[in-house]
Every structure is written in structure tokens, then in C-alpha cells.
Amino acid sequence: MFGAFVSHRLWSDSGCTTTCITNSIANYVAFGEQIGFPFKSAQVFIAGPRKAVINIQEDDKVELLKMIVKHNLWVVAHGTYLDVPWSRRSAFVTHFIQQELLICKEVGIKGLVLHLGAVEPELIVEGLKKIKPVEGVVIYLETPHNKHHTYKYSTMEQIKELFLRIRNTRLKQIGLCIDTAHIWSSGVNISSYNDAGQWLRSLENIHSVIPPSHIMFHLNDAATECGSGIDRHASLFEGMIWKSYSHKIKKSGLYCFVEYITRHQCPAILERNLGSSMQLQTALTAEFTTLKSLLK
């Protein structure tokens, strides 16, 4: 279930004006076939990302659904950076998130990723209660990156506390998006196979609270030190999490994450947004070649 973030800025043909998301996905699928790694998943923006504006056009909706069905792709949308239903602007935000969820349903997108805030679990649950569930579309709460806040949602205790509240409130269609760069930035050491294994075993111990069917991953290395609180992604084995394991990859924490992802069939997205299409494809070719070797 491995794939990547598909930015239409970097993936669509020049001059594309109406079906740019579909065009981007078509080019992305062709690229996966070219490098010998057929993609099973993808992540897109259908709105924003920095403004509350829907940016998928009607023609694009029709063609995107056809593309997703044709290639049997699991696609998730990332919410805008304003999608914070536990904020002071919650009424407007909730309405906008509802629009995004309905569009996801319409075009065959399976989920919407929202950034978790560094706030108490009860505030998050109250915000989620304002959103009407849309059948077949999961809201994935993404682990945040922070250094000083009490609630980082990078430890299993805090993740369990949050999802117990979600379950006890009978909220439906809520999942977890684990960003490896974010939990590292928040102080969780996942560099070695043993370190990552300890964290992932703790995750497996709470599958009764948050099942793997509702877990996805953002599989990123990080350009900053553990506990920095800074969100800066790097290519796999090029950042500070796993670079020291580039010549012993099966002893790395990344290999442990790959094992968990394949064992439980979780979607995993590489989030890269480099300066040019050529830079991006060069980086992804190296990363997916490495992943292919880990999947043997």
C-alpha cells in the first residue's frame, strides 16, 4: 500500500487547466510503472492548502473517479492547514471540512487527513462531534510535531487516551495517521529496528482501541534532530532518523515500519514536495528502489 504525495504543481502537464488532479495521478501511475514499483496509494489536495478554497473542478471529479477505479488506487486527501475543528473558527471550519468529505465520497477518495492540535483530547473530541460522518470516508488524525506542549500525541499513552475518548463517544470513521518525521520531532527515537519495534509493539497492543484498518502512515525521514519540534521532511535514509543505517537498512527503524505496514496492509505515503519535477522523480526513484529491496 505504498505511494506518494501527488502535487499537481509537480506532476501535471504544463498548461493543464481543468483536470489537473486526474492528469497528475495519470503521470504518477505511469512513473510508478516506469521505475518498477506500481503504486497502490496516493495523497492529493482537493482544497487549499493554505486557504479554505475547493480547488477540484467538476470535470476533474468525474475523471478522477474513473482514474481511481481503473488503477484500483487507495487515495487520501490532505485537509487544508485551516482544517482545525477544535479552533475558535470551528463553525466555518466544520462546514468546510464537511464539503471536503462529501467531495471525497463523490470521487472515490477514502479519507481526509487533519492535523492534530496540541490540545486536550476532550477538545479534539468536541470538535470532531460537530462533523457529520460520511460513509466510506475516514478522518485520519495526523500525529503533530511539537516540542514544548503537553499533548504531543506521539506517545502511545496519549494516542490511547484520545482514541478511547473517540470510541466511548461513539464517533465513527475516525482513524490515525502516523507521520514518522513528526513523532521523531516530538521526541520519539525510532532510528533503530529495536527502538521502532518497541513503539510499534505498543501500537499493536492498542489495536482494540485503534485497529490497523484505520491506521495510515506518512513515511518520512527528518532533516532535524530528535525532539527538535521542527517539521522538515527528508528522503528516506537521507535524514537524521535513518541516514546512519543507509548501509545496514534491515537494522533500521524504517525496516520495522515497513514490516508493520505490510503485515497490517496499511497505506503509507511518502511526502516529498521538491523544487522541480525532475528533482522529485530522482528522489522518489531512489526511495522506492530502497523500499522494493526491503519488501523482498
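Using N, Cα and C of the backbone, Cβ positions are placed for all residues, glycine too.
Note that this is a predicted model, so its numbers are computed, not measured.
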Identity of the Zn(2+) 2-site residue among His115, His233, His247 (reference: Glu142, His218, source: Swiss-Prot): His115
Swiss-Prot annotation, disulfide partner among Cys16, Cys104 for Cys20: Cys16
Candidate sharing the Zn(2+) 3 site with Asp231, His233 (per Swiss-Prot), from His149, His182, His264: His182
Candidates Cys20, His78, His182, Asp231, Glu271, namely the recorded positions, that fall within 10 Å of His218 (Zn(2+) 2 binding site) by Cα distance: His182, Glu271
All-chain count of other Cβ atoms within 10 Å of Cys16 (disulfide bond): 16
Any further residue of that chain within 8 Å (Cβ to the Cβ centroid of His182, Asp231, His233) of the recorded Zn(2+) 3 site: His145, Asp179, Ala181, Ser185, His218, Asn220, Ala222, Ile230, Arg232, Glu271
